[in-house]
Structure formats: C-alpha cells, structure tokens
Amino acid sequence: MGKPGRVNQTTVSDFLLLGLSEWPEEQPLLFGIFLGMYLVTMVGNLLIILAISSDPHLHTPMYFFLANLSLTDACFTSASIPKMLANIHTQSQIISYSGCLAQLYFLLMFGGLDNCLLAVMAYDRYVAICQPLHYSTSMSPQLCALMLGVCWVLTNCPALMHTLLLTRVAFCAQKAIPHFYCDPSALLKLACSDTHVNELMIITMGLLFLTVPLLLIVFSYVRIFWAVFVISSPGGRWKAFSTCGSHLTVVLLFYGSLMGVYLLPPSTYSTERESRAAVLYMVIIPTLNPFIYSLRNRDMKEALGKLFVSGKTFFL
C-alpha cells in the first residue's frame, strides 16, 4: 500500500542499491566471490548450450529445454550481477530510474521463465516415463516449440505489465533499496502514491510464476514415482530415476531455498535474510545448475568431451 502520510514527493531520477554489506573492507572480497560465480555461471551454461547444439544425439525435447534453461539462467544472473559488480568497482550505489525498471523487468521475466521451463521439463520426464509409446507424438518438435513460446508469452506479458504499472507510481525523496538489485517489494515501500494495483500484481505474478509451475512439477513427479514403483526390475527403476535425477535435484534446490526463507514466521523477517535468499536462487543455484546437469548425465559428459576435443583440434 502507498504511504499517503508522506508529503515529500519528488521526481526520482535514480535509486540507491545498498548492496550486501555496508562495510568498505568487505567489498573487494564480495567483488571477487561474485565475479568468480558469475564467470562460472556464464561459462558453464554456455558450454551446455554449445554441447547440445553441436551433438545430434542431444537434439531431443529434454535437451532442447535444458539448453533454453541454461540460456535463461545466464540471462537471469546477468540481469543483476554485472550492475552489482560495477557498483562495487566504482564505489557507487546508484542505479538510474530507467535502469532499475529495466532490471526489474528482466529479473521478473527470466525468473518466471526459469520456473516455467522447470515445469515443462517435469512434464517431459512424465511423458517419457509414463507414456513412452506416445513420447514422439506428445513431445514433437512443433509442440516443444509451442510450449517454449507459451512460456515466453506467459512470463513476458505479466513482467512487462508490472513494470509499466510501476511507471505510474510516485516515489518519495527516500530512495534507498536495501538489496543488491531492484526488488519490487522494496520499491513499493518507497512509494508516496497508492500501490494497491501493484501489490495485487505481485501476488498474481507469484501465483503464476511460482505456485502454478510448482503444482505442475509435483503432479508430474507424483505420476512418475507411481509409475516407477510399479516397475518390478530394480534396473528399470534406476534407469527411470536416472533420467530425471538432475532435474529433480535442481527443483529441490530452487524451491527448497524459497520455502526455507519465505515460509518462516513473519516475525523473523529481515532484509539480510531476504538478501541471502536472493543470492541463493539468483546466483548460487544458476552457478550449480551446469554442474548438476553435466556431472550426473553421461550423455552430457560425452558431448562436453567431444566439444573440448573439437576445440583443441580447431586451435591446433
């Protein structure tokens, strides 16, 4: 809700991102840690995309969505970390008004797309395990492209609408955001005008981007587990579980981190806790994803090996 009691209303040209620490001596350490994780995220996800695109054996629905998930993870991390690194390097906390809205839009869009792709990948595993005879028709290239397009539309439109609604909000002279990125809830706390519509939009996006994909994932894995336990052969069970083990690991890490923070009692809320949660699902998990999908997957390891061999041959 807006704060009608505030009368010091002004046209805001920029905001201040307070970052993760107020201590100057900690800034070089934070810069090194986040630069390292960002580079690992970008290189790891780029290698997955190159390995999948260069190996014809990986031109399947599962790896098609994995390549798009890797691209989404790279874009999601790039929406916030480079600006944080630039602010630390220049010893500045400023982000322009337009830059803040642009960052918010990309974070919402790619964050929502990440969730949507995780749900689609769970459905892909459900069809592969529970309906193997219909897999080629149920997950045809045309349908995969359609599902990807639907995910882009479903995440882009609400993110754009929320960002446009923020342009109608009047902000007060106070413009400090206690995060390393433009958090929508923190932005609304700086508003001087009514924000009921914006808050309703945040709730709607939470349901659309988090709750609906999670329900689809849970439904898919309930059906998968039921189908796997019917299999009498231990080898068959292991093969079925191995096809979705990496995806399930990523899902548990991502949603587990969110629930571990946001389902705690409101009395324990703090900006520090929310910042740590943001670091976990915006930086650490995208950094781990390439390792999870490559180290636990024989086909990916073989494709990466071929990619490195071809790279050495090219440079030699």
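Glycine residues also receive a Cβ, built from the backbone N, Cα and C atoms like all the rest.
Look at Swiss-Prot and you will find 1-28 (among others) tagged as topological domain 'Extracellular'.
According to Swiss-Prot, the feature N-linked glycosylation site maps to Asn8, an assignment based on sequence analysis.
What Swiss-Prot records for 29-49 (among others) is transmembrane segment, and it gives sequence analysis as the kind of evidence.
Swiss-Prot lists 50-60 (among others) with the feature topological domain 'Cytoplasmic', giving a curator's inference as the kind of evidence. Residues 66-67, 299-300, 302-304, 306-307, 310 of the same chain lie 6+ residues outside the topological domain 'Cytoplasmic' (50-60) yet bring a C-beta within less than 8 angstroms of a C-beta in it.
Annotation comment: Swiss-Prot describes 61-81 (among others) as transmembrane segment, evidence class sequence analysis.
The topological domain 'Extracellular' feature in Swiss-Prot is assigned to 82-100 (among others). Sorting each residue of the topological domain 'Extracellular' (82-100) by its DSSP state yields 13 helix, 3 strand, 3 coil.
Annotation comment: Swiss-Prot describes Cys100-Cys182 as disulfide bond, evidence class sequence analysis. Within the same chain, residues at least 6 positions away in sequence whose Cβ sits under 8 Å from that of Cys182 (disulfide bond) are Phe15, Leu17, Ile95, Cys100, Leu101, Gln103, Leu104, Leu107.
Feature annotation from Swiss-Prot assigns transmembrane segment to 101-121 (among others); the stated evidence is sequence analysis. Outside the transmembrane segment (101-121) by six or more residues, the chain places 62, 65-66, 68-69, 72-73, 75-76, 79-80, 83, 95, 147-148, 151-152, 154-156, 158-160, 162-163, 166-167, 181-182, 184, 187, 205, 208-210, 212-214, 216-217, 220, 247, 250-251, 254, 282 with a CB less than 8 A from a CB of the stretch.
The topological domain 'Cytoplasmic' feature in Swiss-Prot is assigned to 122-145 (among others). Packing against the topological domain 'Cytoplasmic' (122-145) from elsewhere in the chain are residues 61-62, 64-65, 216-217, 220-221, 223-224, 227-228, 240, 243-244, 247, 251: each is 6 or more residues past its ends and has a CB under 8 Å from a CB in it.
The transmembrane segment annotation in Swiss-Prot covers 146-166 (among others) and is backed by sequence analysis. Away from its own ends, the transmembrane segment (146-166) comes close to residues 64-65, 68, 101, 104-105, 108-110, 112-113, 116-117, 120, 184, 187, 197-198, 201-202, 204-205, 208-209 of its chain (Cβ-Cβ under 8 Å, at least six residues beyond either end).
Under the heading topological domain 'Extracellular', Swiss-Prot lists 167-199 (among others).
If you look up Swiss-Prot, you'll see 200-220 (among others) marked as transmembrane segment, on the strength of sequence analysis.
Annotation comment: Swiss-Prot describes 221-243 (among others) as topological domain 'Cytoplasmic', evidence class a curator's inference.
Under the heading transmembrane segment, Swiss-Prot lists 244-264 (among others).
According to Swiss-Prot, the topological domain 'Extracellular' annotation covers 265-274 (among others).
According to Swiss-Prot, the feature transmembrane segment maps to 275-295 (among others). Sequence-remote contacts of a segment are chain residues at least 6 beyond its ends whose Cβ falls under 8 Å from one of its Cβ atoms, and for the transmembrane segment (275-295) they are 20, 34, 37-38, 40-41, 44-45, 47-48, 66, 69-70, 73-74, 76-77, 80-81, 107, 111, 178-181, 183, 246, 249-250, 253-254, 257-258, 260-262, 301, 304.
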* Asked: Counting only residues 6+ away from its ends, which parts of the chain sit with a Cβ under 8 Å from the transmembrane segment (61-81)?
  -> 34, 37-38, 41-42, 44-46, 48-49, 52-53, 103, 106-107, 110-111, 113-114, 117-118, 120-121, 124-125, 128, 139, 141, 144, 148, 180-181, 243, 282-283, 286-287, 289-290, 293, 299
* Structure fact -> Simplified DSSP label at Cys182 (disulfide bond) comes out coil
* Asked: Residues sitting near the topological domain 'Extracellular' (82-100): Cβ under 8 Å, six or more positions beyond its termini, same chain?
  -> 12-19, 27, 30-31, 34-35, 38, 177, 180-182, 187
* Taken over the topological domain 'Cytoplasmic' (122-145), the model's mean pLDDT -> 92
